[in-house]
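Undergrad: Please find one structure pasted underneath; my questions will follow.
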Amino acid sequence: MSAVAAPDDVLSVRGLNVTVRDTVLVADVDLTVGPGERVGLIGESGSGKSLTALSILGLLPDDVVADGSIRLAGVGPDLVGTDEKTLSRIRGRDLAMVFQEPMTALNPTMRIGDQIAEVMLIHQTRSGRAAARAAAAELLERVQLPPDLLRAYPHQLSGGQRQRVVLAIALANDPALLICDEPTTALDVTVQALVLDLIVSGVRERSSALLFITHDLAVVATVCDRVLVMYGGRVVESGPITTLFTTPRHRYTQGLLAASNLEPHDAPTASDFADGAYPDSGSGDVAPSSRTRSRRLTTIPGTVPAAGHFPSGCVFRNRCAHATDVCATTPPWTGTATHGYACHHPAGAQDA
Amino acid sequence: MILRLIERTAVLLVSLAVSSVLVFGFMAVLPGDPARVALGVNASDEAVAELRRQFGLDRPLPVQYVDWLGGLLRGDLGTSYVSKVAIGPQVFDRLQVTLILVVAGMIIALLLAAPAGTVMAARHRRLSGFALSALSQVGVAVPAFLAGILLIMVFAVKLGWLPANGWTPPAEDPGMFLRQLVLPALSLGLVQGAVLTRYVRSAVLDVLREDYLRTARAKGLRPFPALWRHGLRNAAVPVVTVLGLQLATLLIGAVVVERVFVIPGLGSLLLDGVSNRDLLLVQDVVMVLVVAVLLVNFLVDLLYVALDPRLRTGAR
């Protein structure tokens with residue numbers, strides 16, 4: 001894929017590789033996020049989503065190395081290979097992140113208010129402590145938390161409340177790009193919707209761009225405009241959310257959609273989940289309905305290989321029912337930079 | 001917070017009461033009559049009886065206990081059966097000497113361990129971290145008295161920079177006091193510092209792996225400021241535990257170093273008491289040590305609460 005970065009893209013990642021010693025974890029990832037755009041990054045665990053996010057932030061673990069090009073609008077140098085001093089001025093100001101695990105993301109020995117105010121004081125986006133504290137109270141209000149939590153410590157808050165504090169910290173300096181890595185995965189189902197809502201309204205108010213990482217297709221469908229599907233450290237398909245969900249081209253995307261019961265004409269309801277997941281719950285039903293009987297849990301055959309053990313060529317070919325000899329060569333990218341796939345035998349093609 | 005303070009104080013008082021009974025009871029059930037022990041096997045029965053009466057040893061044990069405890073509370077440790085001198089002033093003199101030495105040693109240990117352990121943790125994959133690690137390993141293996149003898153050989157005998165031994169009270173001659181304090185405090189501090197360094201290292205390593213440190217980096221803090229602002233207080237909790245244990249152990253453990261440097265500390269008073277069969281002196285010194293150890297633990301407990309808001313009751 002030989003796209004030239006559009007000049008107005010907020011984030012443009014080109015040919016990103018992430019390696020640990022000799023093992024390639026992420027290979028040749030291209031990714032752009034336009035202004036105010038909300039882009040999803042989906043895939044199973046181990047597909048390289050989080051590493052891609054940490055590469056953008058420049059916070060990869062010690063032995064893990066990124067190369068390629070990562071550019072952020074309004075920031076001069078390429079983020080890859082830039083010194084720590086420059087990167088630390090960007091982090092928390094132009095580029096912010098919400099992590100997966102809210103229970104451990106906050107410092108247990110520091111008051112909530114100080115933790116929110118700190119990110120504004122580091123970057124001097126408010127004049128002085130008093131202004132930063134006032135701003136912190138306002139931010140808390142925006143994530144629907146009472147301002148008296150400013151004096152609370154993290155252990156006094158629930159997971160959902162803590163994640164909203166983390167979001168308040170991330171949004172404090174109106175970042176150009178917000179990255180969320182599975183922000184609701186560790187949360188109670190009842191608060192997931194609220195947190196998602198706050199993320200979307202938060203980036204909307206600031207016209208920030210959003211890069212949203214998840215393995216949950218339903219979440220991606222409610223949050224994002226456009227989505228990239230990752231597998232084995234590669235982007236295998238990308239496109240606008242509706243197109244990609246209705247007519248997937250890559251066989252992995254197709255499998256992922258089938259496994260998640262997300263067909264738009266047959267949206268699952270709560271009772272579907274209950275029936276489908278626990279058909280023998282002993283509720284005293286005379287017999288399971290024919291519909292329930294026909295709904296088996298669909299899975300993609302096989303398991304995700306360990307890092308570094310993906311096949312050569314198409315990384316999905318050892319789990320793909322359509323794989324042939326040609327799949328031993330890396331499939332070329334078909335389509336445009338923002339809408340395309342990398343598959344030798346795409347779904348919906350004549351020869352498939 | 002207040003509740004916790006009351007709770008800890010209550011625990012302290014109960015422990016003090018129980019340990020006073022234990023110390024008194026243990027000395028009381030020891031075989032041998034203290035008066036007989038003090039006067040020697042050749043003393044006449046009349047002389048022994050006279051001494052027993054003089055020191056109130058003929059009274060029932062509970063009365064003796066209450067008498068002893070009452071004295072302790074007033075700061076009166078009684079009179080030695082052997083030397084017939086008041087015990088209190090000796091013990092407090094010696095305690096002061098030992099406290100100065102031990103606290104100076106622990107300050108050196110902490111000043112050494114906090115930066116060294118942090119650097120070792122932050123650079124644990126690099127040569128500098130490894131070298132420091134190996135050095136601290138050697139430090140742990142060296143006993144304090146050997147460090148003392150080596151320090152005397154180098155700085156007192158060879159270089160002649162500092163006195164090899166002796167003790168001058170600070171009020172008498174502050175300059176001499178400091179000069180004589182350096183080597184014994186260093187021999188305690190180097191060895192304890194080596195031990196403490198390893199705990200600081202593992203505490204900081206743990207903190208470096210914490211998610212909140214990554215959050216701090218994501219906020220825009222550079223690695224060292226992130227560790228400083230978000231890591232140190234969290235890492236301090238396990239280190240304070242070890243610090244308290246070391247302090248408690250050293251109050252009596254310093255005796256070896258005190259012997260090497262000819263310092264009149266509490267440990268040597270205890271050993272003198274044991275060899276002179278001065279039972280009341282031994283009983284008093286043991287009680288003073290128990291009080292000191294319990295007080296150190298009490299302070300460590302309070303420090304936990306100050307460091308970690310999760311331990312404050314009523315906060316949840």
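Using the three backbone atoms N, Cα and C, a Cβ is placed for every residue, glycine included.
So TrEMBL lists these for the protein:
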- B:95-304: domain 'ABC transmembrane type-1' (DOMAIN)
- B:12-30: transmembrane segment (TRANSMEM)
- B:99-122: transmembrane segment (TRANSMEM)
- B:134-157: transmembrane segment (TRANSMEM)
- B:177-200: transmembrane segment (TRANSMEM)
- B:235-257: transmembrane segment (TRANSMEM)
- B:285-307: transmembrane segment (TRANSMEM)
Undergrad: When you look at the transmembrane segment (B:285-307) alongside the transmembrane segment (B:99-122), do they share 3+ Cβ pairs under 8 Å, ignoring any pair fewer than 6 residues apart in sequence?
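TA: No, the transmembrane segment (B:99-122) does not contact the transmembrane segment (B:285-307).
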Undergrad: When you scan the chain for residues with a C-beta under 8 Å from the transmembrane segment (B:285-307), skipping those not six or more beyond its ends, what do you find?
TA: 1, 4-5, 8-9, 11-12, 15-16, 19-20, 23, 72, 91, 95, 233, 236-237, 240-241, 243-244, 247-248, 251-252, 266, 269-270, 273
Undergrad: With a Cβ cut-off under 8 Å, give me the same-chain residues at least six positions beyond the ends of the transmembrane segment (B:134-157) that come close to it.
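TA: Distal contacts: 116, 120, 163-165, 183-184, 186-188, 190-195, 197-198, 201, 253, 256-257, 259-261.
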Undergrad: Are there residues at least 6 beyond the ends of the transmembrane segment (B:235-257) whose Cβ is under 8 Å from a Cβ of it, and what are they?
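TA: Distant contacts of the transmembrane segment (B:235-257): 98-99, 101-102, 105-106, 109-110, 114, 143-145, 148, 184, 187-188, 192, 195-196, 199-200, 202-204, 206-207, 263, 265-268, 270-271, 289, 292-293, 296-297, 299-300, 303-304, 307-308.
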